[in-house]
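Copied over from TrEMBL:
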type	residues	note
TRANSMEM	21-41	transmembrane segment
DOMAIN	23-429	domain 'Major facilitator superfamily (MFS) profile'
TRANSMEM	61-81	transmembrane segment
TRANSMEM	88-106	transmembrane segment
TRANSMEM	112-132	transmembrane segment
TRANSMEM	144-166	transmembrane segment
TRANSMEM	178-197	transmembrane segment
TRANSMEM	230-254	transmembrane segment
TRANSMEM	266-284	transmembrane segment
TRANSMEM	296-314	transmembrane segment
TRANSMEM	326-345	transmembrane segment
TRANSMEM	357-383	transmembrane segment
TRANSMEM	403-426	transmembrane segment
Amino acid sequence: MSYFPTGSISMLKNNLGLKGWIVCFVASLFFLFEFLQVNMFSSIDPEVMKAYALESTQLGFLSSIYFYSTVVFLLPAGYLLDRFSPKRIILVTLILSIIGIVGFALSYELWLAAVCRCIEGIASAFCFLGCFKISTNWVPKSRLALATGLIMTIAMLGGVLAQTPLMLLVETYGWRDALFIDAMVGAMVGIAILSIVKDSPANKRDTPSLVETINYWYAFKSAASKASNWACGIYTCLMNLPMMLLGAMWGSLFLMQAHSFSRADAATIVSMIFIGTIVGAPIAGWASDFLCKRKVVMWFAALLSLILTVFITYQPHLSKNAELLVFFLLGFISSAQILGYPTAAQNDRIGIPAMSASLVSFTTMSGYIVFMPLFGWVMNISAPHTTINGVAIRVLCGLLELAYSWLLSRFSLYVTLSFLLSLSLFNTP
């Protein structure tokens, strides 16, 4: 059974022409903009730490506030997007995000900065889910993984913009004025969405919507009762850790401390994670749709990502070009995490694809609010040690253990090996 009307699959395919892809593309600009906000701390963290006299742990907490508010609103976001106009919800939350950005730029007190980051996090809860919901209205289920990959590809451009381009803005105008420019970009995105995006094709036959007759808790229980949704969430979270921990927060500091790269070179190297995802996400989606075996693609990508993570952990000092290649491959392989969303949506039976996807996002973001401060704490306890390799190993050992513990249910041997390896890394001088 599908959440698409039985008689309208061919109609949807006919409408999936240039207009459908344009609508999905423009809607995805909201995700791009929010992904820039998620990853901007990688470029402005030295300035923010100086402005508020923060340590690494405190900076990690300030960054994680964004994810706290996102997690709280993810499940309501899924329900609201299933029930009301996703375009209107996207526009309202985009305005909310712009308010948070401007407020953060104007704040000189830590508590006010935290409140503004919280506001931005609320808006972030709707960014991917809103784009995903619109794509389910325009794209047949057989193409949903490809559409998800393309949405992620567009969003990753926000991650790239949050690295070297944002860093150059910060160095030229200062971090506060750079955020004002960031807010103006958000306003332009809003104008484009208002002008172009439609909730669904005009000739799409309306479904007798069950979601209009059920309450929030019934929809939540329906999504939460499926173990596959939780498995997709855990997989997505742990496969996404390299991007979030190295790309969104600690990557530049890690490369500057562990490998003595300049700030500009470190930002460029980190941006390769997002470029790798830009290339890899649609390929992962296409391969999944073509093979009709998403689990095989997901498992294979996780295994390759494990191997690459071990290499990053033990690598010697590589040249800049070698680091660029390694981080590109990490992003390319980790991009398979996007398959968790169409997998969850495909299992939906009552017309709540956004609620199912929101459960995946909820699990993913819950991991972030734990891992962000955790890695800040790891860096703090490593800081007194002058052995730079020790810092690198301590930061990445948690990544190595946690990112593949999803194999526990069926492949406990790999988890055991990962855990033992992580213990050995903690004992490495």
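One is the number of the first residue shown, and numbering goes on along the chain from there.
Note: Cβ is positioned from N, Cα and C throughout, glycine not excepted.
Under the criterion of 3 or more C-beta pairs below 8 Å, with sequence separation of 6 or more, the transmembrane segment (178-197) and the transmembrane segment (88-106) qualify as touching. Note on the transmembrane segment (88-106): residues 27, 30, 33-34, 37, 77, 80-81, 112-113, 115-120, 122-127, 130-131, 175-177, 179-180, 182-183, 186-187, 189-190, 193-194, 197 of its chain, located 6 or more positions outside it, place their CB under 8 angstroms from a CB of the stretch. Remote same-chain residues near the transmembrane segment (266-284) are listed as 39, 42-43, 145-146, 148-150, 152-153, 156-157, 159-160, 163-164, 167, 242-243, 246-247, 251-253, 255-256, 297, 301, 320, 323-325, 327-336, 338-339 (criterion: CB distance under 8 Å, separation of at least six residues from the stretch ends). Taking the domain 'Major facilitator superfamily (MFS) profile' (23-429) as a whole, pLDDT averages 76 in the prediction.
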